Amino acid sequence: MFNVLVGNSPASLESFDCSNPHKGTEPVLASCPSMQASQQHRSSVMASRLYRQIKQEVEPEPYWFPQLPPIDPSLCYSDSSHEFHFTVESSNENFCTLESSSANGSYNAYNSTSLVGFSPNGSPTSQQDSQSYPSDLHHSPDNNGGSPISGSCVTDDVSDLRDKLKELETVMLGPDSDVIDSKTSPEMGTWRLVTDAISRGDLKQVLVFCAKAMSDNDLLMAQWLMDELRRMVSVSGEPIQRLGAYMLEGLVARLASSGSSIYKALRCKEPKSADLLSYMHILYEVCPYLKFGYMSANGAIAEAMKDEDRVHIIDFQIAQGSQWITLIQAFAARPGGPPYIRITGIDDSTSAYARGGGLNIVGKRLSKLARYFKVPFEFHAAAMSGCEVQREHLQVRPGEALAVNFAFMLHHMPDESVSTENHRDRLLRLVKSLSPKVVTLVEQESNTNTAPFFARFLETLNYYTAMFESIDVTLPREHKERIDVEQQCLARDVVNIIACEGAERVERHELLGKWRSRFRMAGFTPYPLSSLVNATIKTLLENYCDRYRLEERDGALYLGWMNRDLVASCAWK
């Protein structure tokens, strides 16, 4: 977690070159301590009054940005053979980040030569050193709220704000500024720390200050810091610069109330080049997180079903069906022959978009694979959200050994903090009533479900910093595919966590300790993972950077990057 520095802690002021408002008085003040103290007190009072005056003059009315229209790019899906060819070509194109506040393509919130955005039709757009603002926010046709935008909005005249801030700094940071009456002007310490972080280029700390300002509803500070952050982030820079671009996007979207639109528009779709995997498959290949989750779940299922002749697997978020390729192969090699396998695939329209079609695509792909390995196979599609699933949709048959798979899915279900229906716990009780032999759980080890905004922001910053650093060691920064992977598979989650609340926030992760409590309340008991599965995953990690780590604790497996747990896997019965 990152510490937020507030109050009057010592901070460097070397970044400021303020004029001396008391020039000519130094000899007198130096020779008269009482006069010096009196002058310092008056300066402090002046600073406090000036701060409040500036804040009243430039504090905007409720913040507004035009809304992002739904993006509906053309879809492309390659249903080739199961031999995948992973090729990545270098790209020297410059990109700009997501345009959360662009309704017509004319407003670009970022001033950067390396940020990626979208045109109104959803295609990537390239822009160089763009810093354009709405020409007429006050009378914009997109302002459907009916009320005009305040003429004193800070975004209307950034240079005027800078002049006012400079004047404030001059008064606040005059001679002998180390002696400040904090009771008279408590804002001074925070301003000094913020400006010091900016002068040092401490992007993480500036992000934290910006989120804190938003949490405190200090829009003057938040908007000023957003302007500074736009100069510091880049989707082709260091990991923190790339993550910072998307976290800044989340902050902007939170003010504009456009986070839900971005989340729905950004889906991890198939790339248009037929010889590339989907972006999620690229992430699957370059980082072990998804592969770790799938392998650990498959190992538990294979172990539980080793003596069964008929196996029914219910996958509550089957996506493109990649998890089951290796399990079908493993069952094919089982001594005594493979079992009859039936898979019920549940999924919603988001994954249909990513696949370029419905669940029939998954069924055809897996059926083709099963025929190749001579495994008796049947696929049943249930095209719906997990919130809609009822017992009759699962078509459980007598005589089948049942396995249920929750891989990176349950955190999308609303719980008691969102809905009285509490689909998160309802699904667990439903599954328990089916008497499964094994239930697998794979989830991100993060705490963003019920955490308030600022704590959630810090957790997201910490978690995704490790994620972006791990991607950095595999995919070179100049590769366009890395930008696409991060933008479409990670950025949408970041924006949703930061910008959305209530039912619109669907990325609601919980730590494994909380999941354990939910499973136990539903009547489950732990199903220990076999030592063979653990050994196989350890062998897998040998193909990746040595900064990944695997740890077994309390019957569960944790995959992490350096000192941060990122994914947890366990099984239940």
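The backbone N, Cα and C atoms fix where each Cβ goes, and this holds for glycine too.
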Stretch carrying motif 'VHIID' according to TrEMBL (options 106-110, 171-175, 311-315, 316-320): 311-315
Average pLDDT across the region 'SAW' (499-573), rounded to a whole number: 93
Other parts of the chain folded back onto the motif 'VHIID' (311-315), taken as Cβ under 8 Å at six or more residues beyond its ends: 301, 305, 323-324, 331, 339-346, 394, 396-397, 400-405, 407, 431
Secondary structure content of the region 'VHIID' (280-345), with strand meaning DSSP E or B: 34 helix, 12 strand, 20 coil
